[in-house]
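Undergrad: Attaching a single structure in structure tokens format; questions to follow.
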Amino acid sequence: MKKFTSVKDIPSIEKALATAFEVKNNKFGFQHLGKNKTMVLVFFNSSLRTRLSTQKAAMNMGMNTMVMNVNEDSWQLESEMGVVMDGKNAEHLREAIPVIGKYCDVIGVRAFAKFENREDDYSEKILSQFVEFADVPVVSMEGATRHPLQSYADLVTIEEHKKVEKPKVVLTWAPHPRALPQAVANSFVEWMRETDYELVVTHPKGYELAPEFMGDAKVEYDQKKAFEGADFIYAKNWASYNDYGQILSKDLNWTVDEAKMALTNDAKFMHCLPVRRNMVVTDGVIDSPNSIVVDEAYNREITAQAVLKMILEDK
Amino acid sequence: MKKFTSVKDIPSIEKALATAFEVKNNKFGFQHLGKNKTMVLVFFNSSLRTRLSTQKAAMNMGMNTMVMNVNEDSWQLESEMGVVMDGKNAEHLREAIPVIGKYCDVIGVRAFAKFENREDDYSEKILSQFVEFADVPVVSMEGATRHPLQSYADLVTIEEHKKVEKPKVVLTWAPHPRALPQAVANSFVEWMRETDYELVVTHPKGYELAPEFMGDAKVEYDQKKAFEGADFIYAKNWASYNDYGQILSKDLNWTVDEAKMALTNDAKFMHCLPVRRNMVVTDGVIDSPNSIVVDEAYNREITAQAVLKMILEDK
Amino acid sequence: MKKFTSVKDIPSIEKALATAFEVKNNKFGFQHLGKNKTMVLVFFNSSLRTRLSTQKAAMNMGMNTMVMNVNEDSWQLESEMGVVMDGKNAEHLREAIPVIGKYCDVIGVRAFAKFENREDDYSEKILSQFVEFADVPVVSMEGATRHPLQSYADLVTIEEHKKVEKPKVVLTWAPHPRALPQAVANSFVEWMRETDYELVVTHPKGYELAPEFMGDAKVEYDQKKAFEGADFIYAKNWASYNDYGQILSKDLNWTVDEAKMALTNDAKFMHCLPVRRNMVVTDGVIDSPNSIVVDEAYNREITAQAVLKMILEDK
């Protein structure tokens with residue numbers, strides 16, 4: 001595996017699952033692969049789970065790690081080509097990326113959507129420059145449009161908790177005080193579509209995800225109807241794609257609560273975290289035994305390690 | 001040892017001292033205990049000594065370390081239960097803590113008193129949630145009311161420098177431009193009361209420490225009288241407990257200077273650092289041969305390592 | 001080697017070059033020297049290359065590393081002697097430095113010129129206190145007046161790319177929107193003067209470097225004339241030394257462009273990075289095959305490692 005930026009980069013869902021479970025059963029068994037290898041984690045945005053789980057995964061593999069917060073540690077970085085750099089950005093990605101690549105064997109990078117311009121975000125302006133200019137494999141720690149490490153962990157978590165071969169998985173929009181990227185939702189849909197699960201996406205009108213991610217995935221605008229018979233409820237807020245970056249609703253009728261969970265087939269509750277309690281989900285649901293958000297977060301370490309194992313085996 | 005948040009968590013003063021000296025004589029001799037183990041250090045507040053000494057201690061034990069500054073690296077964290085999270089805090093401690101615990105074997109956390117509300121601070125609102133919600137041992141890197149890693153190092157330092165079996169140890173309040181927590185003072189009193197040293201606390205009226213920490217410890221409002229015959233002078237500023245968080249005095253007559261040190265039994269000068277020179281203590285005293293502040297700081301590494309050794313041996 | 005703050009600290013140019021090439025050919029061959037040794041990297045200023053390359057170098061040597069950003073992680077540090085510390089600075093370097101030294105075996109420190117006062121900067125007020133008060137070797141990761149890790153990497157890069165025994169090396173001033181320290185330029189001149197290369201410095205009038213760095217190095221105020229026959233063009237902006245810290249010119253006629261490069265002997269283009277594209281150098285030049293800025297940056301890891309090897313061998 002030469003990079004990990006979307007589900008298209010993994011050899012197959014089967015290989016991804018097998019590697020994850022292999023790693024989970026033997027976390028410290030592959031350190032020969034990482035010996036004297038270094039991963040640099042570059043953060044353009046805040047991070048808790050991704051920061052810790054990816055570092056931990058690299059250390060499990062016997063790798064060294066270096067973490068760089070672009071905003072606090074380093075220079076402001078320019079991403080536009082051809083500009084006269086007379087402003088606040090002191091360094092261009094065109095130099096920064098190959099230089100970072102020289103000091104390590106794998107780069108992880110987190111660069112969220114900026115919501116200034118849909119074309120910039122959906123072309124993955126920053127992440128794609130990392131892939132282009134680094135001489136080493138690049139792992140997305142969440143780009144502008146996808147969060148594949150999250151989706152991979154979501155997949156493993158569903159596999160571990162499913163009671164039927166082909167569970168009904170519902171991705172539901174939920175209200176939030178801020179405008180959030182579509183990355184987690186896009187990526188979740190993209191990964192689920194590679195499985196034979198039954199996927200339903202539910203959200204208010206106006207919150208349709210980008211067609212290239214949705215494909216023929218089923219949309220159900222009636223949240224309660226969507227929840228009927230569900231085995232997994234995956235809650236997530238996102239801002240509008242069509243009315244790009246806008247908050248069209250903060251309607252608390254979309255909050256995942258106990259009454260709605262009662263409509264499901266004793267569904268497990270999932271969320272990528274961080275989650276706004278009593279906006280996205282009630283305390284009652286997230287604190288219930290059916291909430292598997294912490295298991296899901298723990299699988300972030302496992303799948304990040306599986307990604308690194310597949311990358312290092314390929315080197 | 002399952003956690004380290006106060007003197008009550010150590011098996012005994014004797015065991016604590018023995019472990020510290022064992023570690024000091026053989027810093028790299030216990031790495032089998034830490035192999036493939038990870039400590040996460042979570043900072044809600046600034047840190048120099050604690051940051052470096054605790055990381056170093058973990059590395060001495062053969063552990064991996066990850067450091068997270070909550071304010072710069074991560075999401076703002078909510079600590080209130082039951083709230084609708086529609087404000088600036090993006091994640092609740094109720095998720096963040098168990099998730100962090102999943103990625104490591106020991107959590108260190110620093111969360112100072114906020115001085116907004118005495119009840120919140122004295123219930124250790126943040127630290128106690130870490131102890132409750134993490135599935136792994138928690139080490140206080142300074143809470144709202146105690147700084148046990150500091151007090152443990154203070155104890156070891158006194159043991160190393162004392163010339164008599166039961167030295168006279170004086171904790172003296174000293175002026176400072178800012179309102180500082182009582183944590184170091186509370187904790188120092190708490191630890192000293194477990195020894196058979198002679199403890200005297202001196203401060204201006206109004207600066208009485210909380211009764212649960214002071215117990216029957218002796219107070220002497222006349223600083224010069226307190227200093228007479230002292231073997232150790234431990235200087236520290238703190239804001240008022242009764243008039244909670246207020247600065248009642250910046251009286252430079254309470255600064256520890258050469259004239260006052262001359263009243264002692266050739267006392268050693270101690271301070272946890274950082275120290276405001278010529279406010280808390282004069283240059284002359286802190287730069288004198290009797291100043292042992294750097295030795296004291298070095299023992300932070302030793303006692304943090306001793307804490308980790310006791311925790312890892314118990315796992 | 002007891003410290004590394006200028007070219008005067010290395011045993012000789014020959015030994016420095018031999019050690020760099022030895023390390024480059026065997027990056028992981030000296031880990032016995034660094035086992036159970038720790039380097040602390042203290043940053044008063046931003047850093048990308050220095051941060052990553054120095055950490056990587058220490059890890060190559062088998063060392064542990066700890067990174068501290070003074071402004072975000074720690075307390076504001078006081079550097080003046082004798083002051084009453086009643087302001088914003090919570091800790092004095094007089095305590096912070098020996099304490100940091102207690103937790104590690106080598107300290108790296110970055111402390112740029114502040115441009116408040118030339119005497120303060122040119123006395124290396126912060127770096128010199130580190131050298132004085134730490135009990136362990138200090139490595140400059142760029143001081144107020146020198147950047148020796150950069151210059152050492154520049155030297156190695158020139159050695160690797162030179163086609164003649166004694167190449168003509170031209171240091172050229174170039175425009176920049178901000179006032180930058182003279183450190184890189186001073187240091188480059190200082191190191192080049194230790195070689196038998198032909199060195200020419202070119203800049204607008206008023207940008208003369210400090211006499212103690214320039215010595216008898218040749219100045220040519222006509223940039224095009226300076227470029228004639230050059231084998232290496234080293235571009236860098238700096239603010240005025242005589243009119244201390246002032247920007248006297250942003251004249252884009254000093255930008256290094258294709259036409260000027262055509263005057264040279266097929267010269268390689270060098271810059272320490274970060275570089276302002278289309279201010280200091282045109283896209284055409286920095287993206288050309290003759291640009292060796294990434295090789296130069298990579299040598300930062302190599303020479304930092306060579307410095308650590310020489311220090312650890314001496315311990």
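Count begins at 1; order follows the chain as displayed.
Backbone N, Cα and C define each Cβ position, glycine as well.
Please treat TrEMBL annotations as automatic predictions, because they have not gone through curation.
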Undergrad: If I go by TrEMBL, which of A:Lys102, A:Lys218, A:Lys224, A:Lys236 binds N(2)-succinyl-L-ornithine at the same site as A:Glu142, A:His176, A:Arg276?
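TA: Looking through A:Lys102, A:Lys218, A:Lys224, A:Lys236, the residue TrEMBL assigns to the N(2)-succinyl-L-ornithine site is A:Lys236.
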Undergrad: For the carbamoyl phosphate site that TrEMBL gives with A:Ser47, A:Leu48, A:Arg49, A:Thr50, A:Trp75, A:His147, A:Pro148, A:Leu149, A:Gln150, A:Cys272, A:Leu273, A:Arg300, which of A:Arg110, A:Arg193 also belongs there?
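TA: The one candidate that TrEMBL places in that carbamoyl phosphate site: A:Arg110.
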Undergrad: When each of the binding-site residues A:Ser47, A:Trp75, A:Leu149, A:Cys272 is checked against chain B, which show a C-beta distance below 8 angstroms?
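TA: So the ones by chain B are A:Ser47.
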Undergrad: Chain C sits near which of the binding-site residues A:Ser47, A:Trp75, A:Glu142, A:Leu149, A:Arg276, counting only a Cβ gap under 8 Å?
TA: A:Trp75
Undergrad: Including all protein chains shown, what's the count of other C-beta atoms within 10 A of the C-beta of A:Lys236 (N(2)-succinyl-L-ornithine binding site)?
TA: 22
Undergrad: Per DSSP, how many helix, strand and coil residues does the domain 'Aspartate/ornithine carbamoyltransferase Asp/Orn-binding' (A:184-310) have?
TA: 47 helix, 19 strand, 61 coil
Undergrad: What is the separation, in Å, between the Cα atoms of A:Glu142 (N(2)-succinyl-L-ornithine binding site) and A:Trp75 (carbamoyl phosphate binding site)?
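TA: With distance taken Cα to Cα, A:Trp75 (carbamoyl phosphate binding site) is 21 Å from A:Glu142 (N(2)-succinyl-L-ornithine binding site).
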Undergrad: Report, in whole Å, the straight Cα-to-Cα distance of A:His176 (N(2)-succinyl-L-ornithine binding site) from A:Ser47 (carbamoyl phosphate binding site).
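TA: Between the alpha carbons of A:Ser47 (carbamoyl phosphate binding site) and A:His176 (N(2)-succinyl-L-ornithine binding site) there are 18 Å.
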Undergrad: Round to the nearest Å and give the CA-to-CA distance linking A:Leu149 (carbamoyl phosphate binding site) with A:Arg276 (N(2)-succinyl-L-ornithine binding site).
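TA: So the Cα of A:Arg276 (N(2)-succinyl-L-ornithine binding site) lies 21 Å away from that of A:Leu149 (carbamoyl phosphate binding site).
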Undergrad: Within 10 Å of A:Lys236 (N(2)-succinyl-L-ornithine binding site), Cα to Cα, which of the binding-site residues A:Arg49, A:Trp75, A:His147, A:Cys272, A:Arg300 are there?
TA: A:Cys272
Undergrad: Find the shortest Cα-Cα separation between A:His176 (N(2)-succinyl-L-ornithine binding site) and the binding-site residues A:Arg49, A:His147, A:Cys272, and name the residue that gives it.
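TA: That would be A:Cys272, the closest of A:Arg49, A:His147, A:Cys272 to A:His176 (N(2)-succinyl-L-ornithine binding site).
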